[in-house]
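The following features are taken from TrEMBL:
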type	residues	note
TRANSMEM	37-61	transmembrane segment
DOMAIN	38-459	domain 'Major facilitator superfamily (MFS) profile'
TRANSMEM	81-98	transmembrane segment
TRANSMEM	110-132	transmembrane segment
TRANSMEM	171-194	transmembrane segment
TRANSMEM	200-221	transmembrane segment
TRANSMEM	303-320	transmembrane segment
TRANSMEM	341-361	transmembrane segment
TRANSMEM	367-386	transmembrane segment
TRANSMEM	407-424	transmembrane segment
TRANSMEM	436-455	transmembrane segment
REGION	465-497	region 'Disordered'
Amino acid sequence: MPFCCGCCGDATSRYEYRPIGFPQQPSGFGARHVQTLLLFFALTVAYALRVNLSVAIVAMVDRKAANKDYEEFDWDEETKSVILSSFFWGYVVTQIPAGQLAQRYGPKILLLFSIGVCSLLAVLTPFCAHAGGAKAVIGLRIVQGLSQGFIFPSTHTMLSRWAPASERGRLGTLSYAGAQFGTVIMLAVSGVLASSSMGWPSIFYISGAVGMLWSVAWFFYGSNSPADYRGIAPEEREFIESSFGPQDHSRRIVTPWVAILTSAPMIALTVAHCCHNWGFWTLLTEMPTFMKEVLEMDIKKNALLSSLPYLVMWMLSFVFSPLSDFLINRQYLSRVASRKLFNTIGLWVPMVALLGLAFVPKGSSDLAIVLLTLAVGINSATYLGFQVNHIDLAPNHAGTMMGITNCAANIMSIIAPLIVGQVISDATDPIQWRRVFYIAAGVYFFGNLTFIIFGKADIQPWNESESPIPRTVSNANETQSARNAHNTDGNNANHSD
């Protein structure tokens, strides 16, 4: 998901920006880079904790696939699908309120709570599976989802306070790159861990322990804002804070809920986000099972190759972002044309790859891997499509809009694995998997078509809400400068949901 160029919690306070000309940008590695690095590893850990079960469950239901000395569970495909989707049952609940809580209480405590709780529960997963079976694991994953719902809104808020307008694209991209990096690392090492002497429980123990280590580092070095960070150099603090202009938290703006929820471009954006999540999470949660049962790969090779598409996705995100910026700044494409072009690349190219994957003969693993890598890797183009479109439409409400669309989209993350469980009764049957790929391809087609027809990239009239304090000509000019800065900087921003 691309990061919000405004601030999380836009519904409760207004940040106004002024052009940057002074003071001069400090050189070297500063406090803002420390916070960015911590956010990178926060998202690395968060996604490792989110996807660790995708590979572990293969070994948990078939001890022959890994270390035979550890417990095996008799879970059918439907039960496995419920377990894999249960994380999102909790995740969707905290999306919308999380931004306002981060703004009110500060993102540091919420990130600490979120990853700390999720890490502890990861360590407890083997015990819960042994003691309570599938029901206990489902309950645990729901609570993990509830805790992780605070991560993206809190990260938005951190960046809105730490990333100067001139660096927001770079710092935001680096922060959110941790999501794909965590996916790659977890998928790559899980198979090795499951086959080791420590067995599949080590997947949860190690990922949980790393999350706890991050929590300790965050407790000591994380900070809500430059004003709260004791070790920041005065010139760096001045550089960061000067890019925002006056920040008056007493100025309230009203969230135009009816206008947002009835806006055609907002509806198109929500549909595109939902359809993207359907295909993305179908592949992420089901790929290890498909590779084992249809492509007949052992769990070590399975895990390593499962991580390849997300490595490609991570790398391509740094290719598409400057390309989009180049096309818009040189006026080769309008902003709306660029959004629709990259959204088409990110959804319809994977659609074609999924249709091809549906007809790959059983045992043709090389071709299947190429198509899977294409289906996932090219998906990163959506970072410059619908995923940055919130900022285009209403920078003042981008945080709230992200909460709305991410909440709706992650309902699809719940439904998609459940549908797979209904469609597939025999995981070794490629014909049944063909239906799964047909459904995902059709969803991708519908999502992008809706975005092409109804999507826009200009600021909507409801972006400006009435404030109890009259706006002067001066700060009106500042807001216009901020709007221009948002539109320029938003093209560089990206992350995954």
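Cβ atoms here come from the backbone N, Cα and C positions, even for glycine.
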Folded-back contacts onto the transmembrane segment (303-320), same chain, C-beta under 8 angstroms, at least six residues removed: 54-55, 173, 177, 180-181, 183-192, 194, 283, 287-288, 291, 297, 342, 345, 369, 372-373, 375-381, 383-384, 494, 496
How about long-range neighbours of the transmembrane segment (407-424): same chain, 6 or more residues beyond its ends, C-beta under 8 Å? 77-82, 84-86, 88-89, 91-92, 95-96, 270, 273-279, 281-282, 285-286, 432-433, 435-436, 439-440, 497
Give me the stretch from 110-132, 171-194, 200-221, 367-386 with the greatest number of Cβ pairs under 8 Å to the transmembrane segment (37-61). 171-194
Distal contacts, the transmembrane segment (341-361) - CB-CB under 8 A, six or more residues away: 272, 275-276, 279, 320, 324, 333, 367-368, 371-372, 374-376, 378-386, 430, 433-434, 437-438, 440-441, 444-445, 447-448, 451-452, 455
Under 8 Å Cβ-Cβ from the transmembrane segment (110-132), and at least six residues away from its ends along the same chain, one finds 42, 45-46, 49, 52-53, 60, 71, 73, 98, 101-102, 139-140, 143-144, 147-151, 153-155, 158, 200-201, 204-205, 207-212, 214-215, 218-219, 222
